[in-house]
Amino acid sequence: MNPQAKLIFITSLLLGTTITISSNHWIMAWAGLEINTLAILPLISKSHHPRAIEAATKYFLVQAAASALVLFSSMTNAWCTGQWDITQLTHPTSCLILTSAIAMKLGLVPFHFWFPEVLQGSPLTTGLLLSTAMKLPPITLLYMTSPSLNPTLLTTMAILSTALGGWMGLNQTQIRKILAFSSISHLGWMAIILAYNPKLTLLNFYLYALMTTTVFLTMNSMKVLKLSTLMTAWTKVPSLNAMLLLTLLSLAGLPPLTGFLPKWLIIQELTKQDMAPAATIISLLSLLSLFFYLRLAYCTTITLPPHTTNHMKQWHTYKSTPTLIAILTTMSITLLPASPMILTLI
């Protein structure tokens, strides 16, 4: 892609995100979301592969429908209350429509079908943007409207997202699809706590974005797209594989690592809100996604494939691990002891 064009698209992404997260008026927030959608489309379809074009088309149709619903929701609220302010969303019908629209933008169940397909058709770097940066504006809108949203609806969608995200990721062999279902599962954890402690939703999103960025950049550095290639990638950069193992276990939420922090705090908060059954269900459902994280971790660190693969072993390259990946990995696995400090910041 032309560097000048890429610069324009990346700048537009930053601009759209900034407009949405800093706006008080619904029309400004909607305009920011539209700028974001239009800026990411060329990045999805830049390879001109039929899968990429299909992914870009699906993404455009879903995001256009979701944006129309956001506009419809805010207009209904303005019609009934005379308020265009984002924090003044008080009309029940508007709240329900907005929840559906944002769920569609994020890929929450039952509006999740587009996300794995779009991620599978995109390059890894664009997949990283779709999984992290593109989710920030919708989550910000949810954060600002959280007092008005329906807790029962959010809890139902959250539990379904965690269940389907874990269940549908079990038999996948494509890494981008596995990471898409991982994203859907994590969104469930963010949605369940939104109505009770929205700051925990943001904390969960930041830590999820940190760990996912590490995984995507590592996969991109090793040029790995599916499990069979991952099984023979250990010869290429052994240190990077060891780091990827720890990051995947952190993403699964295992205790001594960073990924355990948001799960721990969310379970604690749900118990305080007399929602112990919901906390138990969502914790058990996260075991489903733990299975495919462990499978990824096994394929990452296995040194001899148990069966003959069609892939030749790759040459060991003596280049050092990129500094950014090293820093992100360190943060992805060691932030748990710093949890008191993190809690004072949020």
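Here the Cβ of each residue, glycine as well, is placed from N, Cα and C on the backbone.
Within the listed segments 24-43, 324-343, TrEMBL records transmembrane segment for the stretch 324-343.
Between the transmembrane segment (178-196) and the transmembrane segment (281-304), the number of CB pairs under 8 angstroms, six or more residues apart, is three or more, so the stretches are in contact. Residues 203, 207, 210-211, 213-214, 217-218, 221, 240, 243, 246-247, 250-251, 255-261, 265 of the same chain, all 6+ positions outside the transmembrane segment (324-343), place their C-beta atoms under 8 angstroms from a C-beta of that stretch.
Beyond the ends of the transmembrane segment (5-21), by six or more residues, the same chain brings 28-29, 31-40, 42-43, 129, 133, 136-137, 140-141 to within a C-beta distance below 8 angstroms of the stretch.
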